[in-house]
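Undergrad: Sending over a structure as C-alpha cells; questions will come in a sec.
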Amino acid sequence: DRWLTCRSLPPGALERIADTVADRLRVPWFAGAVKINVSLVPPLVLLPVFLHVAALHFLLGLVILTSLPVVVLWYYYLTHRRKERTLFFLSLGLFSLGYMYYVFLQEVVPRGHVGYSQVVALTCGLVFMLAALSRAKKDPGYLPTPASNEKSSQRGLPNNSVRRSSNGLHGGTLSGAASGRAVNGEAKGYFRMSAEEPEGVKKDWCTKCQLVRPARAGHCRLCGRCVRRLDHHCVWINSCVGEQNHQAFILALSFFMLTSVYGITLTLHTICRGRTPFVALFYCPGAYSDYSSALSFTCVWYSAIVTAGMGYILLIQLLNISYNVTEREARLALRDNTGRRLLGGLVIDTGQYNRGFLCNWGHFLSLGSSPPQRSAEDIV
C-alpha cells in the first residue's frame, strides 16, 4: 500500500519482507513442506537463462560474460562484509559443473568428434573432483569446545583468575589486553598467551570459544569455531580450510583444473576444427553459425573465466604451501608488517615456519595423518 501511494517505507520493512519470503519458500514433501534456502535459487534459474541469451549474439555474450564475474564479486564482498554464510557460491559451482557437463553431452558429443574414451576420462575427472570436494566439506579440524556449563563458569571468571590458571598450566603470562578488532577471521577480543614450547611459538586464548588455541589455529567468525591450522574460510565450499581438509581442498582444485581444461579443449576441437584451443578461444569464425555451436562456445568462455579464477586460487595455495604459510598468517603478517613480499606479491613469507621447499611440502602432506592429541591447554 505504501508503494502504491508513493509513501516511504518504515525502517526495516524490506528486511522483514525478505525474511518472510525466505521463510514461506517451501516445497511440498511427503514428511511435510521442506524449506528452501533462497541463496540456492538464483544460480539454478539465472545461469541457464543468461547463457542461452548470451548465445543469441556475440555482443550479448560479451556483455553477459563480462557482467557475470562482476555480479559474483559484488555479492561476495556484500556477504563478506556482513559476515554471512551463504550457499550461493557452492550452489553456483556445483550447478555450473552439472550444466556444463549436460551441454557437453547434448551439444558437443553428438557431433561425432569426441570418442567414448574421452567422455569416460572427462566423467572420471568430474567424479574424482566431486569426491575430493565431499572430503573437503567435512571437519576442517575444529577444536573441541568446552561444555556449556564450563563455558558459563569460565565467562564468570575475572581476568585475574584466567591469568592465574594459565600460569599454572603453561608457565606463561597473558600479555596485553584483548584486541578490539576482528581481522581475517579472528574473533573480537582474544588474549595473547605465551607458552613454553620447543619452537617458542605463542598460543592464543579465544574468548569466543573459551579455550586456548594451539599454534597456527584461528577463530572463524563465519563458522563460529576455532580451527587447527586455519588457512581461510572458502565460500566455494561454504566451510573453513584447515588442518584436516586442506589436502582434499587442493586435490579438488587440481581435479577441477584438469577436468575443466580437458573439457574446454575437447569442445573447441569440435566446434573450431583445425585451430589450436588457445587460438580458437579468441578466433572461431563459425562459432555463431548455428545456435548449438554458439551455446557451446558461450559455455566454453564461461568455463574459461571460472577456470582462470580457480587457477589463481590454486596458484596462491601452492605458493603458500611451498613457503609453509597459511592465508590467515599472510594477512596477519601484512597487517603487522612482519612478512616479506615475494614473487611480485603473490606470496607473503613470514619466515616463522619456512623450513625449505621439500620440508614444507613434507609437512603439508603429513597434515591430518594422526589425530591431534588433546593437551591440558585444550581443556582450559
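Cβ atoms here come from the backbone N, Cα and C positions, even for glycine.
In case it's useful when we look at the structure, here is the feature table from TrEMBL:
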TRANSMEM  49-75  transmembrane segment
TRANSMEM  87-104  transmembrane segment
TRANSMEM  116-133  transmembrane segment
REGION    142-180  region 'Disordered'
COMPBIAS  146-168  compositional bias 'Polar residues'
DOMAIN    202-330  domain 'Palmitoyltransferase DHHC'
TRANSMEM  248-271  transmembrane segment
TRANSMEM  291-315  transmembrane segment
Undergrad: Need a quick answer: max count of Cβ pairs under 8 Å to the transmembrane segment (49-75), which of 87-104, 116-133, 291-315 is it?
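TA: Answer, by Cβ pair count: 291-315.
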Undergrad: Which sequence positions outside the transmembrane segment (116-133), separated from its termini by at least 6 residues, show Cβ-Cβ distances below 8 Å to it?
TA: 97, 101, 104-105, 109, 237, 248-249, 251-252, 255-256, 258-259, 262-263, 266
Undergrad: Residues of the same chain, at least six outside the transmembrane segment (87-104), with any C-beta under 8 angstroms of its C-beta?
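TA: For the transmembrane segment (87-104), the far contacts come to 37, 39-40, 42-44, 47-48, 51, 72, 75-76, 79, 122-123, 126, 129-130, 235-238, 263, 266-267, 295-296, 299, 302-303, 306.
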